[in-house]
Amino acid sequence: MTNIRKQHPLAKMINHSFIDLPAPSNISSWWNFGSLLGLCLMIQIITGLFLAMHYTSDTSTAFSSVTHICRDVNYGWTIRYLHANGASMFFICLFMHIGRGLYYGSFTFLETWNIGVILLFTVMATAFMGYVLPWGQMSFWGATVITNLLSAIPYMGTGLVEWIWGGFSVDKATLTRFFAFHFILPFIIAALAMIHLLFLHETGSNNPSGISSDSDKIPFHPYYTIKDLLGVIFLLLCLFSLVLFSPDLLGDPDNFTPANPLNTPPHIKPEWYFLFAYAILRSIPNKLGGVLALVFSILILTLIPFLHTAKQRSMMFRPLSQCLYWMLVADLLTLTWIGGQPVENPFIAIGQTASIIYFLIILILMPLTNLLENKLLKW
């Protein structure tokens, strides 16, 4: 009798995606981050659901409802900090996942890559709206500053900002709609992730060498289920260490103060995972120019497949490209550091230099280096 997993329509679908899926035999631990992102999303949805049971999206009670969750709800503090630090873990995995895609040339799967970029934008929007919900000082002022950026759009900007706010400032209407969107978006992210996987399984996974692995495939289960399980253990270890030992390490002290529209914090900054984009935004003195640079700093990922001029797919055997890649990583870390610093010299100059280097590496140096390597390898 044929196994039920190969007969039942639903089980058959799961079987083809996670059990009998032919996978390259040489994929490294860098390929673990896809499953870890799925785990992070599940953690966020489950903890978020429990938080939503106790949270109130009203300006007068939002801050105290979060305090109530931490003090009075059974293990409320654990759920709250799992959710807050789970977002940080989500972004760490996301950046690693994108970094792996860039290094090993996974961006040549155009549909998978572009859905991934849409996913990145959606996750960033969700995280931003989630940061507003505790209604602390940084929540309020972060929401005010970031939504105000849309006023840079010519002609319709001001009207658009007031439409998003639901009034003439960030207030009850803004908080209520942000809560509604923050609740629904993770389910949209889950649907997009399924489309992402659907496109990936059309082509099959890439591998570190960047060459076709059709002649050497192994079943996903048990080899990669065990390998993914190791990644899951490491991720949970890091997450629980953060939650149980220093839950506020990645937060902002200003968010322990209830939102006050009459008192501006000395230094407004978003969560750490947005700091690189925030630094690029601040490095341009013009408001519209800054907003365009901010959007393009993420949107540039969609151009990477078209800027890929190398004959080899992966960077595994291309040392010059590897040097540029690690320079880009160092540049992004510099931008993250600068985004958290006050707007004064020398930070302004460093931020502007790092922003120029970021676009320079991706748009000019990478394609030229690829062409040079083709010449050196006589391709």
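Keep in mind that glycine also has a Cβ here, set from the backbone N, Cα and C atoms.
Annotated heme b b562 binding site per Swiss-Prot: His83, His182, in sequence order. As annotated by Swiss-Prot, heme b b566 binding site applies to His97, His196. Per Swiss-Prot, the feature ubiquinone binding site maps to His201; the stated evidence is similarity to another entry. Annotation source Swiss-Prot lists transmembrane segment at 33-53, 77-98, 113-133, 178-198, 226-246, 288-308, 320-340, 347-367, citing similarity to another entry.
Rounded to a whole number, the distance between the Cα atoms of His196 (heme b b566 binding site) and His182 (heme b b562 binding site) is 21 Å. Residue pair His196 (heme b b566 binding site) / His83 (heme b b562 binding site) shows a Cα separation of 24 Å. Sequence-distant contacts of the transmembrane segment (226-246) (same chain, at least 6 residues past either end, Cβ-Cβ under 8 Å): 29, 32-33, 35-36, 39-40, 43, 78, 81-82, 85-86, 88-89, 93. Across 77-98, 113-133, 178-198, 288-308, 347-367, stretch 77-98 shows the highest tally of CB pairs under 8 A with the transmembrane segment (33-53). Here the Cα atom of His83 (heme b b562 binding site) is found 30 Å from that of His201 (ubiquinone binding site). Around His201 (ubiquinone binding site), a 10 Å sphere centred on its CB holds 14 further CB atoms from the protein chains shown. Beyond the transmembrane segment (347-367), the same-chain residues lying 6 or more positions past its ends with a Cβ under 8 Å from any Cβ of the stretch are 279-280, 282-284, 293, 296-297, 300, 303-304, 307-309, 321, 324, 327-328, 331-332, 334-335, 338-339, 341. Outside the transmembrane segment (178-198) by six or more residues, the chain places 17, 37-38, 41, 44-45, 48, 52, 55, 57, 112, 115-116, 118-119, 122-123, 125-126, 129-130, 132-133, 143 with a CB less than 8 A from a CB of the stretch. Reduced to three states, the DSSP call for the residue listed as 'ubiquinone binding site' is helix. Neighbours of His196 (heme b b566 binding site), defined as other CB atoms within 10 A of its CB across all chains, total 21.
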